[in-house]
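Peer 1: My questions will all concern the structure given below.
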Amino acid sequence: MRNFAMLLLLILLLHSLASFPICFARLFPMSLPFTRSKAHQMHFFHPYLNPSVAPTPSPAFSPNPSRIPPLRHKGHHRHRRWHLRRNATAVSPSSHDCQQTCVEPLTSTPFGSPCGCVFPMKVQLLLSVAPFSIFPVTNELEIEVAAGTYLEQSQVKIMGASADSENQGKTVVDINLVPLGEKFDNTTATLIYQRFRHKKVPLNETVFGDYEVTHISYPGIPSSSPNGDVTGDAPGGLPIPINATTFANKSQGIGFRTIAIIALSGFVLILVLVGAISIIVKWKKIGKSSNAVGPALAPSINKRPGAGSMFSSSARSSGSDSLMSSMATCALSVKTFTLSELEKATDRFSAKRVLGEGGFGRVYQGSMEDGTEVAVKLLTRDNQNRDREFIAEVEMLSRLHHRNLVKLIGICIEGRTRCLIYELVHNGSVESHLHEGTLDWDARLKIALGAARGLAYLHEDSNPRVIHRDFKASNVLLEDDFTPKVSDFGLAREATEGSQHISTRVMGTFGYVAPEYAMTGHLLVKSDVYSYGVVLLELLTGRRPVDMSQPSGEENLVTWARPLLANREGLEQLVDPALAGTYNFDDMAKVAAIASMCVHQEVSHRPFMGEVVQALKLIYNDADETCGDYCSQKDSSVPDSADFKGDLAPSDSSWWNLTPRLRYGQASSFITMDYSSGPLEDMENRPHSASSIPRVGGLILPNRSGPLRPMRSRRNFFRLRGSMSEHGGPSSSRHLWSGNGDWL
């Protein structure tokens, strides 16, 4: 009797310990797992998972403790998988002879059974009462479940209770049914399963209310749980239990595959977000006003053959936003003005402020608020050429800096308005002075030299090298001291290296366009040289390049002037009558010879602009001229003509000497410009012969039709071998001044 009382007291103590976690859960969130203790030793059963109809024999003990390897799952339940976790343990009831820790999903045997770890049958019930009503009566729940399943109360363990996520007024209770032996036999397991499935386990409805069985799992039971969950198969052919929602297994680890998928998905999501943000930022920048245009450096759009096609009708209809997107890579280092500022500066573009008008717009004189005088070019033609010219001119002028090039101060892009703001050159253009006023001889020479310097800079020293393509008298502006400035770069194109031409649609002004460009569309730097030669003839003759008021056959300046360059009488007839008695005939003849070569029909016979500059510097001594951007080693290496001594270097084919024979009765020292169709380096390796040395003073300026090369590091190849005062007899060089009034 005493032993029975002790046993009963021990059972009550164990039930109290079992109910303690549920009571303790009132103080903490119900989703937390119960705290478990660990023991230093544990003994495990090796359960036999093969189904057996016969009752299970008594468990056999192993003398040495061993662990059961984790079982691999094959089934699914609510799309979740379970694994045996070694760090999640179930505490076995304390007894006087057994202390051990079991690894889930195993649990310790009930009190009174040999120590070991077995598979429990996991049952999940949904009670229609609140959790706080369950905690005080967990012991009664164990008793009623045990009675309804024909088990001992010690075989029923309440593992957890929590409020239902969908209805807080209901309670989810997780129950473990533990076999007394190694496992439930199939008959017992099936019987328990059927009683729960058909709700034949009676529970006190007054205390627990109605209940639903949401999940049952145990190896050997049918593959479907009461709510349709499908179980897997454990090794040995038995279905393996899948996780019920209990406190003991809520903290399962996440598999490596799941972690990898989550990480990869996050990375892809980040990339998508970054790309979307970049696109949004880009479009916001494009949509900003013109004040957002900042300096940048990019290749010229004119280098692309299809530059004109970039302005489609749809792009033109989108206003300034389209242009801003096209100019996103343009080289802009200029100020941006608003349309209101320009309207105020030009009296709302008053006709009284018009300085001139070209093919693409008008130029207005403007006065800014700070007193700066500017020239505002308003593009008026509303077509694709307008925007193309605008971008071309901004690109060119923002990168070109030379004293003989007009300076771009700023731009304006607002709606459909396009404006270029230049420094104001007060003294008008060469055209206005030639045909509406007068220019003395010195001013004309100064203009010729300065304009040549500007073109030489474009062709040889700028980066990239530029072909102006619309050089004419109206595009050469004059300062008060008649210093010329080349303007209007709307048709400019980037020059290619070497002697290759650029195939392009013919653009320019009648009378100034080179014949090869007009006939074939092949554009070269020598095409600009031809245009310069026409302007030089204008300076000499005072006539327009095309004048329909002239007699028949004399409308074209070049056609009319060419035969007049052959003799003295022709030169006297050609020169502007307004210059009578104000010029030196020898200087005029030299300028005429330069002009004749510049407008030569053959491209290879035209000089380069750098050579024209050197020739003009020998004719016109510009004392006030300081060395500009174009100056290089070649400029400083040329001595003044008064210091020439010695003989001239050989010149077998001089481009100067290719001029027509001139006959006039006065000896004159002349310049011999040596032309070579090969590279510059070949000039110094050409054989010298006595017969090839002319007996006239002058300077050899080599010309070449080969590829363009940087001029800054070019060696000095001007050779002086004579005196300007010497006028020897004829030599073997063709078309040289003989001293007898003839060109040999």
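Heads up, the Cβ atoms here are built off N, Cα and C, so glycines get one too.
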Peer 1: With Swiss-Prot open, pick whichever of ASN204, ASN657 is annotated N-linked glycosylation site.
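Peer 2: Among ASN204, ASN657, the residue Swiss-Prot annotates as N-linked glycosylation site is ASN204.
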Peer 1: Pick from ASN249, ASN427: which one does Swiss-Prot list as N-linked glycosylation site?
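Peer 2: Swiss-Prot annotates N-linked glycosylation site at ASN249; the rest carry no such entry.
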Peer 1: For the candidates ASN186, ASN703, I need the one that Swiss-Prot annotates as N-linked glycosylation site.
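Peer 2: With Swiss-Prot as the source, N-linked glycosylation site is noted for ASN186.
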Peer 1: Taking just the CA atoms, what is the gap between ASN186 (N-linked glycosylation site) and ASN204 (N-linked glycosylation site) in Å?
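Peer 2: Approximately 28 Å lies between the Cα of ASN186 (N-linked glycosylation site) and that of ASN204 (N-linked glycosylation site).
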Peer 1: Fill in the CA-CA distance, ASP470 (active site, proton acceptor) to ASN204 (N-linked glycosylation site), as an integer in Å.
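Peer 2: That comes out at 106 Å between the alpha carbons.
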Peer 1: Mind telling me which of the glycosylation sites ASN186, ASN204 has the densest Cβ neighbourhood, counting other Cβ atoms within 10 Å?
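Peer 2: Selected residue: ASN186.
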Peer 1: So if I draw a 10 Å sphere around the Cβ of ASP470 (active site, proton acceptor), how many other Cβ atoms end up inside it?
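Peer 2: For ASP470 (active site, proton acceptor), the 10 Å Cβ neighbour count is 22.
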Peer 1: In terms of DSSP three-state secondary structure, what is the assignment for ASP470 (active site, proton acceptor)?
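Peer 2: Once the DSSP labels are grouped into three classes, ASP470 (active site, proton acceptor) ends up as coil.
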